[in-house]
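Annotated features, as they stand in Swiss-Prot:
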type	residues	note
ACT_SITE	Asp246	active site
BINDING	His13, His15, Lys98, Asp246	Zn(2+) 1 binding site
BINDING	His15, Leu16, Arg17, Asn41, His135, Leu218, His250, Ala262	substrate binding site
BINDING	Lys98, His135, His173	Zn(2+) 2 binding site
MOD_RES	Lys98	N6-carboxylysine
Amino acid sequence: MTTLTITRPDDWHVHLRDGEVLKDTVRDISRYNGRALIMPNTVPPVTNTEMALAYRDRILKEQHGEQFEPLMALYLTDNTTPEEIRAAKATGKIVAAKLYPAGATTNSDSGVTDAKNIYHVLEAMEEVGMLLLVHGEVTHHHVDIFDREKEFLDTVLAPIVNDFPNLKIVLEHITTADAAQFVNNASDNVAATITAHHLLFNRNHMLVGGIKPHFYCLPILKRNTHQQALIEAATSGSKKFFLGTDSAPHAKGAKESACGCAGSYTAHAALELYAEVFEKEGKLENLEAFASFNGPDFYGIARNADTVTLEKSAWDVPESMPFGNDIVVPIRANEQIEWKVK
């Protein structure tokens with residue numbers, strides 16, 4: 001196969017940051033996506049409706065594709081109120097709220113300290129039909145970083161799923177076979193996003209032959225058996241899994257340092273990277289559902305009406321890309337990607 005035409009995709013989990021870098025991050029995400037769900041862990045975090053709408057306006061000023069629509073999310077804190085959830089839902093532009101366990105990832109210090117603290121908020125979300133997005137890691141110091149997702153499933157997510165059976169929940173950027181199994185075994189109200197980099201790489205890519213800081217992300221890359229479980233889930237055709245890049249840019253110097261930031265940048269070539277994975281598995285026929293159908297279907301939003309075409313045409317990824325007044329090193333820098341969006 002040399003070309004593949006699919007319904008225009010969406011990215012259900014992306015970080016655009018804010019300020020001067022938006023012109024670059026929005027350029028990449030709006031190039032062929034119909035919609036993207038914008039993560040709210042900016043500085044300061046997007047904790048209320050007014051902030052979310054203002055952030056949306058800043059994004060729209062930089063968009064490059066007329067078809068592109070940013071979908072917004074609120075950042076949940078211990079102080080979020082049910083009234084804020086209702087106000088956000090009423091806008092029609094804020095489609096979800098994000099649970100970051102405090103300290104779990106970049107700019108998450110204002111996150112939720114205990115899920116029980118927001119049960120009254122989850123009740124309001126269940127009532128109005130707002131989705132809950134979850135960064136699925138515990139932050140207890142005694143839990144090994146490679147075990148944080150599994151521990152979260154058992155101690156935090158399972159009780160939420162049980163206590164709020166009508167709440168739609170997306171377990172974001174899953175990284176383990178345990179998470180894939182949890183989602184498969186849960187009700188149809190539980191789904192998951194999977195990143196391109198967790199499908200393409202495992203912890204050996206990050207650690208063998210020297211530390212590769214641009215592979216460092218949270219949740220951290222796991223062993224190859226977990227990687228294979230993610231590949232099987234993503235390419236299976238199951239409606240429970242869909243595209244969410246978790247593309248998370250940091251300036252080159254913030255990654256290549258003694259205490260580097262977590263996040264991998266894939267928005268420059270996300271669909272192309274996923275296409276490589278699906279082709280290698282002999283499952284290209286399932287890429288459209290993963291990239292273009294399952295996400296909007298789960299969110300209760302119409303699928304995009306137009307299409308994009310991928311062609312089998314290798315191209316060179318640049319060594320770096322503009323990032324405001326700095327540069328970002330994209331995944332597969334100085335290497336080739338086999339597919340290209342026409």
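A Cβ is built for glycine as well, from the same backbone N, Cα and C atoms used for every other residue.
Features per Swiss-Prot, on structure.
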| residue | record | Cβ within 10 Å |
| --- | --- | --- |
| His13 | Zn(2+) 1 binding site | 26 |
| Leu16 | substrate binding site | 25 |
| Arg17 | substrate binding site | 24 |
| Asn41 | substrate binding site | 23 |
| His135 | substrate binding site | 25 |
| His173 | Zn(2+) 2 binding site | 27 |
| Leu218 | substrate binding site | 20 |
| Asp246 | active site | 28 |
| His250 | substrate binding site | 25 |
| Ala262 | substrate binding site | 16 |
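In three-state terms derived from DSSP, His13 (Zn(2+) 1 binding site) belongs to an extended strand segment.
Around Lys98 (Zn(2+) 1 binding site), the same-chain residues at least 6 positions away in sequence with a Cβ under 8 Å from its Cβ are Met39, Pro40, Asn41, Ala73, Leu74, Tyr75, Leu76, Leu133, Val134, His135.
The closest partner of His13 (Zn(2+) 1 binding site) among the recorded positions, by CA position, is Asp246; the full candidate set was His173, Leu218, Asp246, His250. Of all Cβ atoms in the shown protein chains, 24 besides its own fall within 10 Å of the Cβ of His15 (Zn(2+) 1 binding site). Cα spacing between His15 (Zn(2+) 1 binding site) and His173 (Zn(2+) 2 binding site): 13 Å, rounded to the nearest whole number.
According to DSSP, Ala262 (substrate binding site) sits in a coil region rather than a helix or strand. Between the alpha carbons (Cα) of Arg17 (substrate binding site) and Asp246 (active site) lies a span of roughly 12 Å.
Between Leu16 (substrate binding site) and Asp246 (active site), the C-alpha separation comes to 10 Å.
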